[in-house]
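If you check TrEMBL, you get these features:
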- B:8, B:9, B:10, B:11, B:12, B:13, B:31, B:89, B:94, B:116, B:140, B:271: NAD(+) binding site (BINDING)
- B:4-180: domain '3-hydroxyacyl-CoA dehydrogenase NAD binding' (DOMAIN)
- B:183-279: domain '3-hydroxyacyl-CoA dehydrogenase C-terminal' (DOMAIN)
- B:137: site 'Important for catalytic activity' (SITE)
């Protein structure tokens, strides 16, 4: 597992220790994660990986799983910043 | 051009200002110091950016912020056609704000009291325009909630009710009519539920997770009462329970000591990073 992915998974697992969350699991489908947590995820990802997620990427699909979040981070780190 | 004054840049005022601005209204957002206002604008920028992620419309933060100006002190709303007041649920604080607004605003300005518990008729009596004072209980987070409680006071005129209804419609809100009574529908029931849930934790009967789990998994509520308390603000919950207790002089509203201790300790919920749960800042 990549470092990015394990950090993201660690953050989610810390918050919801009662669920055994895997990297491909849709956390919003678990039933007890509400959309406010999506906002915390955005803040965590931006702060931890030093990226700014562009508005068009702020879609729930990018935050459903640790896999999709780490793909988003890789994509953002690979691309040159656009003004 | 209509200008809406929003008094108080806390959790509710920020939500009301954002909701107004994103539905095309010009807003002057008022609080007692510059730092609170700067934080409020930053919060609105962040929340509008996150709007689509939270299930709302896609919004341009620059466009929303361009409709919001700020001012220090209630007199900053002097030019507003309608004022929505969202200061803390503390009678002395509210009374002072209404005395200032009544002095500074034009005679036709409508005052909307955004309260979860304080009687509207009592607020109207502080002003020389009780016919233009009306209650609207907005729910949190304001831009995401489809309905409000609409509460005319004893002297509120039909014109004031209509002006307020029109604004609510323009904000995308459905108004549920309620007569003026402390706590209205929502808080007579919700505050007692939260207070009793806090007693369960206080007495060690169950932890916060278990209390909320029963509400989510057994009753199908999207959130349990203690998560809701963290969202509203534990300090605000305490104030609301105290207002009910004082108003009805009924011991069934006695506030749980745990709510008092958490409020004193700064465990105010999401907005302070910790309440019944801990949040990433």
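Backbone N, Cα and C atoms are what each Cβ position is placed from, and that goes for glycine too.
Structure with TrEMBL features highlighted.
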| residue | record | DSSP class |
| --- | --- | --- |
| B:8 | NAD(+) binding site | coil |
| B:31 | NAD(+) binding site | strand |
| B:94 | NAD(+) binding site | helix |
| B:137 | site 'Important for catalytic activity' | strand |
Fewest Cβ neighbours within 10 Å, where candidates are the binding-site residues B:8, B:10: B:10
Cβ contacts of residue B:31 (NAD(+) binding site) (under 8 Å, same chain, 6 or more positions away): B:7, B:8, B:9, B:13, B:37, B:40, B:70, B:72
Largest separation between Cα atoms (Å) of residues that the record links to NAD(+), namely B:8, B:9, B:10, B:11, B:12, B:13, B:31, B:89, B:94, B:116, B:140, B:271: 22
Within the predicted model, mean pLDDT of the domain '3-hydroxyacyl-CoA dehydrogenase NAD binding' (B:4-180): 95
For residue B:137 (site 'Important for catalytic activity'), the one of B:10, B:12, B:94 that lies nearest, given that the binding-site residues are compared by Cα: B:12
Neighbour tally for residue B:94 (NAD(+) binding site), based on other Cβ positions within 10 Å of its Cβ: 21
Under 8 Å by Cβ from residue B:12 (NAD(+) binding site), same chain, sequence gap 6 or more: B:86, B:114, B:138, B:140, B:142
Counts of helix, strand and coil residues, the domain '3-hydroxyacyl-CoA dehydrogenase C-terminal' (B:183-279), according to DSSP: 65 helix, 3 strand, 29 coil
Fewest other C-beta atoms within 10 angstroms, as judged across B:137, B:140, which are the recorded positions: B:140
